[in-house]
Structures are given as C-alpha cells and as structure tokens.
C-alpha cells in the first residue's frame, strides 16, 4: 500500500525523523488557511500516488496569499499521469544547502533490507544508478540483528558525506530503519534528504510503501488507504476482497491464482485480444465471490466479452459454476462469456453450467481454445 | 541493581503486565491513607531487597483500618535479615485460585535468556527444583529471534497449565520477555503468578534485577536506586564510583581488579584474618579514587588494620602511592596499613612511599607476606 | 524416486481443525500420504478423521514420528507455526498459507537459513505432489500421474495448468513442487532444480516463473553451470503493465529488471528454451523427451 | 609458538584517539606489536604516534591489512565496535572495554557465534600477551618473559599476580590470555585451553577462575576428555559471602552452584590440581614442570 507524501511524513514524524511541518488541504480555502498558518514562503504540493509531479506542475512555491490561492486552485483537480489531485500538502519552504538520497528497500533477491545512500539526491535516482553506480552506497542488513550504528557510518563514509554530517545522517538512517521495521514497510525513500544551511538534516519528501498483508497489526496505517485515490473499479474489487487491476483492453478476464491469470492475459494477447483487466478470484472462491467478480468486471463499460479461466485446486469448479449462474440471475450480462473449467470438481461444474443453459455462454476445454473464442467474440459478438 | 517489589510491579505495569493496584508508603499515616483509598481487605507488604519477608512477618492482611494501622506500625522499621524496612506497599487483597511460578533469567552458562514456568508457585522454587526438577518447564530463547508465541505454548503445555490458561499464561510470558529485553534485566521473577477465580492471570509478586551497566539507556530506572535500602558505607562507595561490599571482619582490604581483591580476601582468611570488606578500586585508579577508598574503608569502625594489594596494569603504582599519601594527609588514619605494590611503575610507587615515610605503614613484597603482616597487625597492633 | 515427499513422508498438519485444514489433510490422507498428526493448541487428544491431534508440533514429532509439516494456519499465526515446526526438529516444512506479512517471512527465512537441516517450501504455495506416492498440500492430485517430468513453479494454478498439459500428452511427473510467489520464498527454483537434477526418476525439468524478482534469472545462471538434464521454462506476465501489482507481492515490476521479457532473455541466453504459452511449454518438453 | 597473538598480528585499535586508547596502543607498539591502524570515525587521515587513523574498521582492513582488532571505545559504543570489526572481516577481536551492558554482550555473542571464523576475547579483559612476540591490551608486559606456561584467566590483575609468581620462580609464558569476567565472555576457558593444547610451545596450562557461572566446571569436563597437557587451576572467591556481588557481574553467587568450593571440587574430581593461593598455584605448576 502506497502512502501519499504527507502520510509518509506523518509516519516519519512518529519515529522522530525530522520533516518540515505542514498541513494537508482538500479545498482551496483549506489550503490558503493552512498557508496563512504556516507562513510564507510556503510550498503547495500535489498529493498523488505517482512520481513526476514536480515536472507536471504539481509542486509550486507561494510567496504570499495570492500565490497560494492561485497554486491551490491550479493544482487541486489537476490530472497527473491519469491521477486526479484530490489533496494538497502545504509546508513551509525549506532552505537547502545539500540534497542527498536515502532509501530502504525490501530486497527480495537478497532476502534482506537494502539501505542506500547517495549525495546525488533531488534527481531521478535510477538515472544516477545507471550513470554512476558507485555514487550510491549500498548495504544489506541482517533483519534479526537490525541496523547498527556502524552501518550508518559505513554508508555515510562510503557515500562521501562530509565528516560533520556523518553522525546526523547515520542517526537519520537508524530512525528510517526503525520506521521500516516497526511499520513493516516494503519501501521507504527520501529524495531529497536535505541539509539546511544550519547543517540540520531533514526529509523533504517521503515515499512509503507498506505491506498490505501486515495491516492487521497496524490499524492506524490501515486507515490511511485513500479510496478517492484509487480507480473506482479497483476500489469496488478491493472492498469485495478481490485482486483487480484495470487494463486498457475490452476482454474481461477472471481466473483463480495470480500466475494463471497473468498467463491468461498473455494467451489472450497472443490470440490478438486486449485484456480489460486482471482479476484473481483467489483460492477457494465461493459462489458469492464469483458474483462480486462478475459485477466488478462488467462495471468497466469497455468490456465486450468475458473469459473465465479456472483450474480448480483449492477452488472447486462446481462453486464457480454456481456463482456464475447466480451472477447471471442478478446481473443479467449483455456481453458474451467463454468459460473454461478444469481441476477439482470440473465434471460437476460443467454439468451445472450445461443444465443451466445460460444465454451467451460458450465453453472451452483448453486455455488456448478459450482465448481464441473470447477474442473472436469480442471482435464480432460471435464465437469462431 | 535489584528493584523493590513495588518498583518491579510499576515496571511490569508499563509493559502491560497485569498486577494488583497499590500504593507505596513510608509512614504509618501514609500507609493508612493508602489502605483507605484501596479499600479493605488489603495487604501491607514490607519493601526490602531480601527474600523471606513473609516468614519474617513482613506481609500482613488488613481487614480494616485498625488492622492496617497496626500492621504498618509493626512492619515499618522492622529488621528483616539485617535490612531495615523503610517503606511498605499497600495493595488490594487478591482472590487466588492457583499459584504458578514464572521467571526469566540471564543464563550465563547457556549465553541465552532462560524462561521458566511451573504450576508450583507460591513456595521456595529452589526447593521445588531440588525435589522435582520436572515440575519446572524450561526454555532458552535465541536473543536475536526473541520470544515467540509457540515458546509460550510449549512452556505452558510442558508445565501442565490447564488448557483454558495456555493462552493468557503464554501472553504473560511474552510480555515478561518484552520487559526483560526492553529494560535490560538480568532477572525477572514472578512468584506467585496467580490465577483468580475468574481465571484472570496476574503477577502477585515482582522480583526484578536490572543490569547496572545499561542504566545510561534507562534514566527512569536509574532513579529507582534506593540509597536508604543500602548499607551506608556501600552507599558512600557507590557515590564515589567504587565497588565496595561490607563483610563481617576487621581487616580493611583494597585492591585493583575484582579477581585480585577476591583472591586477597581468601589469602587473608587463610592467614587467619577476617576481611572487613571487598573494595575494588578499579582499573586505572587515580590518586583521588584512592583517597575516597581509604575514607570508605575507615568509615567502618570495626576496621583494625588495612591491606593495600596492588598489581598495576592499567593502574599505575605511583598513582596509588600518591593517593595513599594524600589520604594520610586528609584522613590521618589511626589504624596500621600494609602496602604491597607490584606492576606498572612499582619502583616509582615504592620510592614515593619510602620518601613520604608515613606513620604506621608497613610494606610487603608478596601477597602472602602482606596478608600475614596485616593479620598480625589487626590482632596485636604490631607487625610480626 | 521423486523429490521431498514420498512414501517415507510422515506428515503433521498445523491448523488441522480449521475447515480448510481438515478438508485438505483428509484429501492428502486419502491420496495415500501418511498423515500421522495434526496440531491445534488446546485440542490435543482429539481426532480429525482418524488423525490424532496434538497441542504442539514437538508432541507430534515425539509421539507420532512426524518428519514433515504442512502449515495451514491463518496468515497472522503462520510465521510462529513455521518456527515451531523447525524448533521441533521437523526437516521439511511446507507452508500453504497465503497472505503472511512480508517482514514475518523475512524473519523466518533468516532464522531457518541458520539451520541447513531444515527446508521450507512456500509460503503461499500449493504444496508438493509426488504422483503415486504422496501429496502434501492442495494440488488436485487426481489430474497427475507418475512419470519423469519434474515441475517447479511459483504459481499454484499455473502449475496445474502445465501439469495438465503434460498429462494430456501422456506424460507423468516425478514431483510437482510449488515454491510460491511470495516476497521471501523458503525454497528457490535453484533449490528444487538441484533436487531434480539428483533425482533418478526425473528426466526433464519444467520451471514455471512469473514477473517480479530475479529468481528466474538466478536459476538461468545455475542451470548453465550445474544442470545436465534438459530444462524448459515458462514465464507468465508478458502483458502485465510495469508498476502494477498483479496479486502476488512477488509480481511488482520495477523498471526493466524482473519483466517477463528480461527473464525469457536471461533463460534463453543460457540455453534454456522458454515456451510462449503453457501449451507451447508442454510441446517443447514433449519434443525434448521424444528426441531423447 | 604461542596462541592468538604473535609476530603475524596486525592490530587495529578502535578508540585510538582516546587518552587510554592512545596510551595502550603506543605501549603495545613499543613492545613490538605491529599496530598498523587506529579507528576513530571522523578522524580518518590523522596519525597517533605514527599509527594511521581511519574512519571505519573496513578501511583499516582494506588499506592497512589489519587482522586483529583491539576494542578500546567506551562501553556504550563497544558492542557496535565489535560488530563493526567482525563485519569488516577481522578474525580476532580483543575487547578491553569494561562495563558493556549485558544484553549488548548477549546480542554480540549470538551474532558472532554464527560466524565460526571470528573469535572474540573479552570483553572486560586485560588482553593477550605472547611474551617476546606481541602484546595486545593492558597487561604489564615487562613483568613476563617467554616460556612454556600458558595462562588463561577471568581476572586481569589476578592474571598478573599468577604470571608474576611464575616469573619469580624462573618460568616464562607461551601466552597469557585474559578472557574477562563478564556475563557473556566471547571466549571461554575451553576455547583457550584447546589452543594451548595444540600449541607446541605450551607445556603446562594454568587457569585462573573465580566464583559465579559454571565456566570452570565446564572446563573440568573438557580437560578430562580432551587435554593431554597438565593443567593447574586457581579459584578466587572462597571468602565471598553467597548472594553478594563482588564487582564482576560474573561473580553473582546463586545457591551452592558457582561457589569457589564447588568449582574446586569439580576440577579436582577430574584430576586437575587446584592451588589454594596464587603462590601455591605457581608452586604446583613448578613441581609438575620439575617432575617432567
């Protein structure tokens, strides 16, 4: 789960990580009131879950109230790479002497947290990594031992941080690691980590990704999910406990198991079709989950045909068939369906479907055949 | 550093460990006011850093104010095995259905925390251990992994805790371990850990020993040291940064390094003498530490002769000699001294002493000779 | 022969008294697996479909001789259950549970790695099937029969799909091993491929990967250096847009590394043929076996 | 020969710019030890008595070839400094610092144990002296000369006392190893006795213990089973009253176990002669060497 910048900064503040003070605002009035309270100059920052907002005009300095009003008006409602700005963060302008970069990533390959530090902050770190990999100091941490003071020194000296800043930058890394561990983050990134003219160290930005699976231990973080920042279909799916990702095509896809669904997308694409979504109904899907899934898929108006690709293991095909029959009863879909059922209780499932004789539902015995049929149906409304 | 029972309970409460509520009191009036506030029946408990206070009459139940007054009057000022009771703890009487035992010990031999649990609480656990070692379930914890939920279950089932109490007792152990780790304890012992008739689990006693070396990280614990509970000489030594333990004899001992001082006590005892104290002046002792040490040793009126046994390593013998000369100047001791100096700068040290020509100071070249001399001096006032 | 589970497997199922735990433990037993014990704290002494239930994994080891554990407890209890099994001396732990917090997985992995005698497969995996011998987990065993194709896969249902494609062409499996798609799998492709390489029954290895991470790239290096048997691969997720999460935490694409394309290229560069669909993957395997 | 430190020792001193650090690093260097580096963060590039100072232990290893570290930083920084040295690849770490929190020692011990290539001696120890070759620590080296008695001791000054008793009788030492009296010593009596057993120069081993813990009892078992060379022991603390702390956290007496008497009996039961005073201990050693 990604946090907005200001949510990340509030999380940082809880762990004693110095951040500029500020206030979030959802309307121009709120934004101007916040700016007045914080004082000028201040910065008006779009809160969206996508990078590159600075270049898109989503971050502006306001010297006075007139500018704050103008910027808040411009930024609220702005579209940044498909994300609408529903909220801004007003913070006091910081004096910047140096811009560094710091991050902690849950490194799946090394199976350990990876801490990175560079003096080349304030810019695209991937570009820095490509151009000069030695500019980024890296260190893996044994998760049972944790981040030690010497790790901070080792990184700071390796990154050529000036001697007087080794201690405060190390202390910042120690606190970032504590936050990473305590909040069960998958990523914490500070870019830029600034040094003020007074040689204080502060997190001027905050990118935090939390582990959705751990939110039951962090109720205060679970509340941070911002439904307004999500796509409405994805939001509906999330509420119903389904994993759904909207895509650009016109063929609705439902499968069980992320791998099989990804494979289904690939096979449909190979057959010349364009998937409209990724939807994993999950293990052990019951009939009502299937009803919800059909509703989510069809809530996307682009969908012209739907493919069900089920290989039952923990999921039982008869349950899927029951759900599909129920969904047709409730939703009465107007687009054609192709259904492929294999695995646990497939015979029973196929029989249920045959007996129900649903309108506009074709069956297929293999994944490839199913893909070809649905692509044809999406194009012509008629199965090949 | 040992905590009084009520200090231990307050520490427990900070970690969410259920304890009966109560109040400390230093006078009878305070005790009665506390009892009135807590309600009757309540328990008046002597707060001393020694076990066996129950048998000594230091724990009494008060049914009403008259009894509370009587018990507080009896217990405050009472002597329990040489410790004067300066404080009592008044707590609400608990209903007890079962008495268990739980502890966490810093096990030096295994180099890991040892967690112990038994259903045979409320009595001398060492007696239980001797009589039926299987009555105590034991488990070592990997300090980097920490105490896991399954550890609690494993201990609880091994100790034959009833099934309905496995979870709450396990949860109690988890919290005790968290306290052990967070507060850097050397020992946490709950005897008895009680089960109420409502099947709630509570710590009815609390024995906590903290690591004195870690107190710099725990300023709130550092303040708990109760000077009034310490022997006055030990208190004086502690304030001066010396390690001093008062013993029963009449020969004052000063050495550098705990091992050498213990050895010196043994050699003096073998020579027929009785040491009056253990005093380790520590590594690198400077002259002023020696002055303090002499003051502490002589503050014990039983002392009839003093032995200095120094083998210099990090400690320099000339510094010790300077300190002794200065101490004679300030304290003007009336008892004879025997001084043995060896090791770093011993030649310089011996020369300083010879030049100073202090009254009543004999020198010795070996530890055995020094011991024999001081024993003789303590007996006769004259060196053999 | 086969790998990891067989007729010597003596299985303890943690979470056996849960609905799914009972269902799959019973299924595994019915298949012929020696399911010798279940564990549910506080329910020691009960039985589930004739399987004795114990309070702790230690008891199941001491009293029922369990040597393999299947973890079927809810995600918030799973890390503890895995550590309990390892502590009790169980050598093979197969964790089916999905949705375990990533930091829990990290702690468990780091702790278990310190004991080379303990192997974890999963979590978030369908289990292991050695057709005709033993089934541990939720793989629909009736679809597979004994044979010489070893399958290792990050995805559950995709494993069945590929196994099924092979079965329809008349090929059976030595073992089918689901390693799971979570951020910190207990066993990697490399760990399982190493076992298949040593297994006399296995003649060809099919590995099924997906986008995210670098496990497939690492496997490619390992195969080139250490594996003499033919390996065929399949990668899911060519259509996944970068930066989108596709259900598995393991499927977060970051930049170019970890894409299906990058994985395919890494494998092909080391001489491993990669099928474009599950069907094509099965066809390549068939072709190689036929060519032998 | 000798054990642990010798002419091959290339020492880095952490905390070298502190007053005591400078004093003892200089002393060690003057004795002939190769003191190749010091470490004080932020003071990299400076020199202390001709010894180059680096910012990190890693740098001292990479640039000065340090293979042994002496830890001389204050107690609150010592655990970190030990872990840093181990992380940097230093094989032998000698921690002089006294007063390290016990839980810090526990974490360090548990972590280092996972790497069998790293040995920690101390903390709270006087160091190691191999007379005529190298001195690392605070042992007053001029009092000792080369010989065939290996000494291992929990107490600093008591070590000097015993070494001195031997020296006065004309015996020298292969090495004198202080293992420290803290709750969690990095090396035990057993670890050092094992080295002396293998060291050709050592003909007899003197171990000096004290009340508290069970290290002496464990050493007794080990000696009976594994040591061919004669061992003479001394135990301090016969006069210590039970339940009193005598300065070392290691000297907490609990019940009967851990008393000087119990240790003496455990050693004598295994055929190890125990001297009643340092003098008697030296006399026994002399007698055994004379009898050889």
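Cβ atoms here come from the backbone N, Cα and C positions, even for glycine.
Those TrEMBL annotations? Automatic predictions, nothing curated.
The ATP binding site annotation in TrEMBL covers A:45, A:52, A:53, A:54, A:91, A:94, A:99. Close to residue A:91 (ATP binding site) in the fold, though at least 6 residues off in sequence, lie A:20, A:21, A:22, A:23, A:38, A:42, A:43, A:45, each with a CB less than 8 Å from its CB.
In sequence order, A:5, A:189, A:190, A:191, A:192 constitute the residues six or more apart from residue A:205 (Mg(2+) binding site) in its chain with CB-CB distances below 8 Å. Secondary structure at residue A:205 (Mg(2+) binding site), as computed by DSSP, is coil. Per TrEMBL, the feature Mg(2+) binding site maps to A:191, A:205.
What TrEMBL records for A:256, A:313, A:314, A:315 is substrate binding site. Mapped onto three states, the DSSP output places residue A:313 (substrate binding site) in coil.
The annotation domain 'ATP-grasp' is assigned in TrEMBL to A:9-224.
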Neighbouring C-beta atoms (10 Å sphere around the C-beta of residue A:314 (substrate binding site)): 24
Under 8 Å by Cβ from residue A:99 (ATP binding site), counting only residues of that chain that are 6 or more apart: A:121, A:122, A:192, A:193, A:194, A:195, A:204
DSSP-derived class (H/G/I helix, E/B strand, else coil) of residue A:191 (Mg(2+) binding site): strand
Filtered A:53, A:256, A:314 - binding-site residues with C-beta under 8 A from chain C: A:256, A:314
Rounded Cα-Cα span from residue A:52 (ATP binding site) to residue A:315 (substrate binding site), Å: 41
Substrate site span - longest C-alpha distance across A:256, A:313, A:314, A:315, in Å: 10
Residue A:54 (ATP binding site) to residue A:314 (substrate binding site) - Cα separation in whole Å: 47
Cβ neighbour count within 10 Å of residue A:94 (ATP binding site): 15
Recorded ATP site residues A:45, A:52, A:53, A:54, A:91, A:94, A:99, farthest C-alpha pair in Å: 20
Binding-site residues compared (A:191, A:256, A:315) - the one with the fewest other Cβ atoms within 10 Å: A:191
Rounded mean pLDDT for the residues that make up the domain 'ATP-grasp' (A:9-224): 93
Sparsest-packed of the listed binding-site residues (A:45, A:53) - C-beta count within 10 angstroms: A:53
Candidate with sparsest Cβ neighbourhood (10 Å radius) among A:52, A:313, the listed binding-site residues: A:52
Assigned conformation of residue A:91 (ATP binding site) - DSSP reduced to three states: strand
